[in-house]
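Down below is the structure, laid out as structure tokens.
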Amino acid sequence: MELRLYDTLTRDKRPFTPIDPANVRMYVCGPTVYDFAHIGNARPVIVFDVLFRLLRHLYGEAHVKYVRNITDVDDKINDRAARDYPGLPLNEAIRKVTEQTERQFHDDVDALGCLRPTVEPRATEHIGEMRSIIEKLVAGGFAYVEQDHVLFSPSAMNAANGVLPRYGSLANRSLDEMIAGARVDVAPYKRDATDFVLWKPSKPGEPSWPSPAGIATPGRPGWHIECSAMSWKHLGETFDIHGGGIDLVFPHHENEVAQSCCAFHTERMAQTWMHNGFLQVEGEKMSKSLGNFITIRELLATNKFGGRSWDGATLRLAMLKTHYRQPIDWTVDALHEAEKAILDWSDFAKDATPVRCDEVIAALTDDLNTPKMIAELHALRRAGKADELRGAMQLLGINPVVRAPVDLDATAKSLIEARTAARANKDWKESDRIRDELAAMGVVLKDGKDADGKSVTTWELAR
């Protein structure tokens, strides 16, 4: 079957033809490891896991290489490390934060049924490649040194002759539109407002490496150069698919294209650019100020959303019910619907032998049309085709055996019930003791009232 994918650059759906069918290559921007991943972060992880599975099905497992990076150098990481480990040297504190957060991320996405990428490179392990690209850009006249910074010049890129794309092509915006439509940091070391940082000097105590381009002061990379370096190292100068959230189109992916194409004198960095849409929660933008910010871990292990925890397979199916390019509204009702479907499918097909279903494959090869694929799964269930249903679930990455909620959920509920009884008996000492016990488990209690004015206690994992 012919695979057709929507390309953000060309703004149309077209046949996917890999550069080398024996070596299909995909890069997806991964997490910055400073905190628990939120449910919006889960969307690209799940979407491109489905694409990874489909590519492996079409071209063979040995012929698909999926790279998803780990960003382990960032101001947010530095801030978190200084806050959480004030008594440690910053570099040691950073290592603790990044290693712990990376483990948490893997635990969460494993629970969502996602395969591990072929390669998961860390930014700090690719400083040499970043320096090399920066040196190429400076030598080619696309970047310049100013006040111990190295900056890329989009104007220089657009003035160059040859095969290079126009800066702004991916976002479909001109330089003037980018300035008008975005907050652009006009620092004194910039020649033009649209210039962006490739390398910057480190502050005392911050992570630092020898700088490129003859700069004597140690420094660290800018955000965008990291992905250009890691994709080059593991996939080459040009590869098949680059994916991520739609929020990354500009500036991150636009700047990746600029860096890579100018460094290697290529027309394209990736043959196909894919971006998933935004996520909102119960009709509102997710934000901490609205109180609807929720992590994957909280969905899996607390009662913060819908008064209960949810199985990873349920979260996965709920995410896939909306086409990846469309905005998704994350609701409790959608999770209940997904759970009902999985329970029904699992009971029906858990002992079946997986076989291929062409209608299901056809839906996925049409730009990952997961809503249509899910409709086909329902049709298989109605038709009593257990083997095909089991095969489709397997391809979609949904385990037919629904896991029970994690033990922490039951433990917390039991303790909360005991505390509620203690409070009813005005045994404040016991109530406080239980609160402290839960706090030691990393569980934060919130006392309040429901719509009827009845006292209720909810809980969430401490960050």
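The backbone N, Cα and C atoms fix where each Cβ goes, and this holds for glycine too.
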Feature motif ''KMSKS' region' in Swiss-Prot, mapped to one of the ranges 205-209, 285-289, 325-329, 425-429: 285-289
Same-site residue for Zn(2+) (record: Swiss-Prot; known: CYS227, HIS252, GLU256; options: CYS29, CYS114): CYS29
Segment assigned the feature motif ''HIGH' region' in Swiss-Prot (from 31-41, 53-63, 295-305): 31-41
Cα distance (Å, whole number) from LYS288 (ATP binding site) to GLU256 (Zn(2+) binding site): 30
Distance, LYS288 (ATP binding site) to HIS252 (Zn(2+) binding site) (CA atoms, angstrom): 24
Residue pair CYS227 (Zn(2+) binding site), LYS288 (ATP binding site) - Cα distance, angstrom, rounded: 28
Binding-site residues listed as CYS29, CYS227, least Cβ neighbours within 10 Å: CYS29
All-chain count of other Cβ atoms within 10 Å of LYS288 (ATP binding site): 8
Cα distance (Å, whole number) from CYS29 (Zn(2+) binding site) to LYS288 (ATP binding site): 23
Neighbour tally for GLU256 (Zn(2+) binding site), based on other Cβ positions within 10 Å of its Cβ: 27
Chain-mates of CYS29, CYS227, HIS252, GLU256 with C-beta within 8 Å of site centroid, Zn(2+): TRP223, HIS224, GLU226, SER228, HIS242, GLY244, LEU248, HIS253, ASN255
